[in-house]
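According to TrEMBL, the feature domain 'Pirin N-terminal' maps to 40-139. The Fe cation binding site annotation in TrEMBL covers His78, His80, His122, Glu124. If you look up TrEMBL, you'll see 192-287 marked as domain 'Pirin C-terminal'.
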Amino acid sequence: MSNLDAAPEERVCSDEPVGDGGIVLIEPRDVPLGGPRAMTVRRTLPQRGRSLIGAWCFVDHYGPDAVAGSGGMVVPPHPHTGLQTVSWLFTGEIEHRDSTGAHAMVVPGELNLMTAGSGIQHSEVSTPQAKTLHGVQLWTALPDSSRHVEPFFENYVATPFEHQDATVSVFLGSLLGRESTATTFSPLVGAQIDLPADTEISLPVDARFEHGVLVDTGEVSVDDEAVPVDHIGYRAPGSDTLVIAAGSTSARIVLIGGEPLDESIVMWWNFIGRTHDEVVAYREQWMREVVGGENPAGRFGSTVYDGSPLPAPELPTVRLRARD
């Protein structure tokens, strides 16, 4: 999924984990995906107060969205650098095409993982079979040592399993002795956890990780702190257990986590780099080579799509510096 903000901020992200003072709430903000009937996503990362959870740098949560009313998801070819896109659906179907030649359907229970590396372009369009769209689009930032890898695409079917009263699907990294075979470049976890009403689980986690619990449905508490729907409950490194409880209705959450990245990244639109000038160069190359047609098979490659690629927004007028 593209970041379709008309005027995206440039973010220099170098979060330091907060002390282990319990659960910190991260509130969502609504972002329309564009167009008069566009579906709206709830974005919890990045925020001014927190840009990263481990290497996770982008969290969009959408639906349940009636495609007949919103027009569904129609995202033309757009670029990415220095990141992985992590597509995970609860309901619906999305057609993915990218410049590696990958053509795949995003469906519930299956991870679609696209590693952008040095540069890629892709499109995402909900299919006619999709009456409702409901899911998350996540990004992970590639560490400096891996951010120029050749782009590639993977699909992974996550097999659900039981843990205490919950059903768990690990789609990235490892949790509870289960490991996804999808490629990661830093220690990470990504999992869907479904809890019946009036249940509580004790979840062993890696104490080196910071974690985020995104609540999709239900009344949820994490370590005795209420986390509203669409919010993330953030927990700093230092704890080896998360206690997650559902209230009077069943609940679904997405758990993300990882070792703190300990790197500063510059993130603007769909690009991640290390300097302002690097991101400016990525934008210029996209606009000249792909949108302008000078070299459609250059850095970002070419992909099949019946329409035009997405132009990049205008760059901010100020040059941002790294935060301490």
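The backbone N, Cα and C atoms fix where each Cβ goes, glycine too.
Please treat TrEMBL annotations as automatic predictions, because they have not gone through curation.
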Candidate with the highest Cβ count within 10 Å, taken from the binding-site residues His78, His80, His122:
His122
For a three-state summary based on DSSP, what are the helix, strand and coil counts in the domain 'Pirin C-terminal' (192-287)?
12 helix, 48 strand, 36 coil
Secondary structure composition of the domain 'Pirin N-terminal' (40-139) [DSSP: H/G/I, E/B, coil]:
4 helix, 65 strand, 31 coil
Can you work out the mean pLDDT of the predicted model over the domain 'Pirin C-terminal' (192-287)?
98
